[in-house]
Amino acid sequence: NLSTVSEFVLVGLSDAPEVCFLLFVLFLLIYLTTMAGNITILVAISTDTHLHNPMYFFLGNLSLLDILCPTVTMPKMLEALLLENRVISFTGCMFQLFFFIDVVGTEIFLLALMAYDRYVAICHPLHYMNIMSMKLCAHLAIGTWVVGFLNSLLHTSMIFTLLFCESNKIDQYYCDIPPVLALSCSPTYSREVVILLVAGLLGSSAFVVTLISYTYILLAVLHMKSPESRHKAFSTCGSHLTVVCLFYGTTIGTYALPSSTYSPTQGRIVSMLYGILTPLVNPLIYSLRNKEVKNALSRGIRQI
């Protein structure tokens with residue numbers, strides 16, 4: 001006599017009302033800042049012809065993903081903090097997990113593409129426009145979105161065809177793979193093996209492409225004669241690698257481990273690093289420190 005779960009309860013971040021309100025204000029400001037930064041980058045790239053090249057085309061895709069990623073999870077988290085409504089329907093949880101894994105997976109592949117683009121630009125500057133044509137860039141970008149969609153569809157279908165019949169409390173502020181798997185009363189070993197293999201294969205391959213690309217970039221930078229050019233390139237690569245390592249390390253560490261090792265407290269901290277912090281700092285690291293983007297924003301403000 002097992003009753004099927006029709007809704008889930010998100011445990012959230014805190015039960016104390018005064019703490020919940022402070023967290024609501026903090027995360028609302030973070031969310032609004034993230035939206036403003038990434039929308040500004042999108043507007044600048046789409047309206048300024050000086051930024052219509054492969055590098056900024058990929059940056060535009062990254063900004064779009066950084067808008068979608070927190071939008072999938074933070075509105076529900078803010079509702080739970082302000083109104084204490086932590087209930088999410090079975091269907092709502094399924095769609096939230098699907099879109100979150102879709103966005104995260106797509107961003108993993110996009111970061112690898114961006115690293116390869118920088119490798120071609122720095123190591124093969126004379127052939128850059130021939131290799132990275134806009135047609136090829138469009139095909140590569142579409143490919144990352146398609147692979148991210150198929151990857152998420154596989155994970156979501158494998159998880160939500162399981163039976164949920166006992167506890168419905170998700171130890172996370174949104175629906176994610178490890179805490180949802182931990183609630184299932186069906187055998188999950190085979191599903192976990194497939195998820196681990198797929199996440200490990202796709203995530204590791206993207207990380208290897210990124211690592212190899214930046215290795216060649218750094219070797220090329222070391223051969224630069226100008227100290228200023230070398231310092232500028234090292235600064236840019238260092239900033240990019242910081243975010244890349246943070247994003248890859250946290251996501252692979254989350255989805256390439258069995259659900260039996262899942263820690264709710266650690267899971268919340270790690271998910272905030274790649275789900276909230278990375279979309280917030282990406283505009284600053286990838287774009288707002290860039291003189292071309294600043295000049296584009298200045299031109300746009302003058303036109304307005």
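Cβ atoms here come from the backbone N, Cα and C positions, even for glycine.
Taken from TrEMBL, the feature domain 'G-protein coupled receptors family 1 profile' covers 37-286.
Sequence annotations record features per position, and here TrEMBL assigns transmembrane segment to 21-44 (among others).
What TrEMBL records for 56-74 (among others) is transmembrane segment.
What TrEMBL records for 94-116 (among others) is transmembrane segment.
Summarising the annotation, TrEMBL assigns transmembrane segment to 136-154 (among others). Same-chain residues lying 6 or more positions outside the transmembrane segment (136-154) and placing a CB less than 8 Å from one of its CB atoms are 54, 57-58, 61, 98-99, 101-110, 113, 117, 194, 198, 202.
If you look up TrEMBL, you'll see 193-221 (among others) marked as transmembrane segment.
The transmembrane segment annotation in TrEMBL covers 233-257 (among others).
Counting residues 6+ beyond its ends, the transmembrane segment (269-288) has Cβ neighbours under 8 Å at 27, 30, 33-34, 37-38, 40-41, 44, 59, 62-63, 65-67, 69-70, 73-74, 100, 104, 172-174, 176, 239-240, 242-243, 246-247, 250-251, 253-254, 294 in the same chain. Taken from TrEMBL, the feature transmembrane segment applies to 269-288 (among others).
When averaged over the domain 'G-protein coupled receptors family 1 profile' (37-286), pLDDT in the model lands at 84.
If one looks beyond the transmembrane segment (21-44) by at least 6 residues along the same chain, the residues whose Cβ comes under 8 Å of a Cβ in the stretch are 13-14, 51, 59-60, 63-64, 66-67, 70-71, 74, 77-78, 81-82, 276, 279-280, 282-284, 287-288, 293, 296-297, 300.
Long-range contacts of the transmembrane segment (94-116) within the same chain: residues 55, 58-59, 61-62, 65-66, 68-69, 72-73, 76, 88, 140-141, 143-145, 147-149, 151-153, 155-156, 159-160, 174-177, 180, 202-203, 206-207, 209-210, 213-214, 240, 244, 247-248, 251, 274-275, each at least 6 residues beyond the stretch ends and with a Cβ under 8 Å from a Cβ of the stretch.
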